[in-house]
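Noted in TrEMBL for the protein shown:
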- 6-140: domain 'EamA' (DOMAIN)
- 7-25: transmembrane segment (TRANSMEM)
- 37-56: transmembrane segment (TRANSMEM)
- 68-88: transmembrane segment (TRANSMEM)
- 100-117: transmembrane segment (TRANSMEM)
- 124-141: transmembrane segment (TRANSMEM)
- 147-163: transmembrane segment (TRANSMEM)
- 150-276: domain 'EamA' (DOMAIN)
- 175-192: transmembrane segment (TRANSMEM)
- 204-224: transmembrane segment (TRANSMEM)
- 236-253: transmembrane segment (TRANSMEM)
- 259-277: transmembrane segment (TRANSMEM)
Amino acid sequence: MTERTKGFLASISAFIIWGILPFYWKKLIEIPALEILAYRISMTFILLAIYVTFKQGKKITYLFDKKIILTSAYSALFLALNWLIYVWGVNSNKIIECSLGYYITPLVSVLFGRIFFKEDFTKLQIISILFATVSVLLLTIKYGKFPYVAVSLAITFSFYSVFRKKSSVKSVNGLFLETAILTPVSIAYIVMYGHNLFHLKTTITSLLIFSGFVTATPLLMYVYGIRTLRLSTVGMLQYIGPTLMFIIGLFVYKETFTTTHLISFLFIWIAIAIFIFEPNKKR
């Protein structure tokens, strides 16, 4: 199996897992989003620290490379923001808006791919981005409220992708370094403002502890994918996640979905169709 095929399969698996994660975070709805974020970061760090210790031993010179640390600090910032916005959105009954955000993300990734990596930027891609813009404007004009959750998710995740692609460290090492940078602040938050795990329900405690596992697994798959595939290719695969998320929000949690929402999503789906059916030679 080639590296490209492995990256392709890893990316698909990551987006399927992300698509169904709203079920997981909904179980933690009684816990503040910042606290969930703190546990996600800390537990992910612990999991990766164990892996790195036994798998790599002394091969961790990247921890002392100033350039790598700086790049990882930027990617860590955007990763934390994305996680926070997403969990808050899911537990604030905005799963459909979150799905809109991740529908927009691939189009933003295409734009960032052009800006930061000089990847091909065709007329059809421009048309796709314009359709996505119309979608956002429709929701803003109709409800007088900018879909900040959706747009914030798209921008933060795309910036994260850019910095991870710029990084010279592999997926596991990169995520380990990112969580290592974020963990001190996360632990401080838990100590100062968090719940005592022993005073929570067993189910809640278990979900918080295993948040590291459900976080690290798909993200490592994703990071591996973007390091072996073009950013625009990975961007196309990202539609798997928001589609599953959209279905869950609409049919499982019965979130509000008006005619305006439908029209807005139609513009997004048209944008996706235009991009997907673009000749491969232009990608």
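Backbone N, Cα and C atoms are what each Cβ position is placed from, and that goes for glycine too.
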TODO: Summarise the model confidence on the domain 'EamA' (6-140) as a single mean pLDDT, whole number.
DONE: 89
Open item on the list: For a three-state summary based on DSSP, what are the helix, strand and coil counts in the domain 'EamA' (6-140)?
Closed with: 114 helix, 0 strand, 21 coil
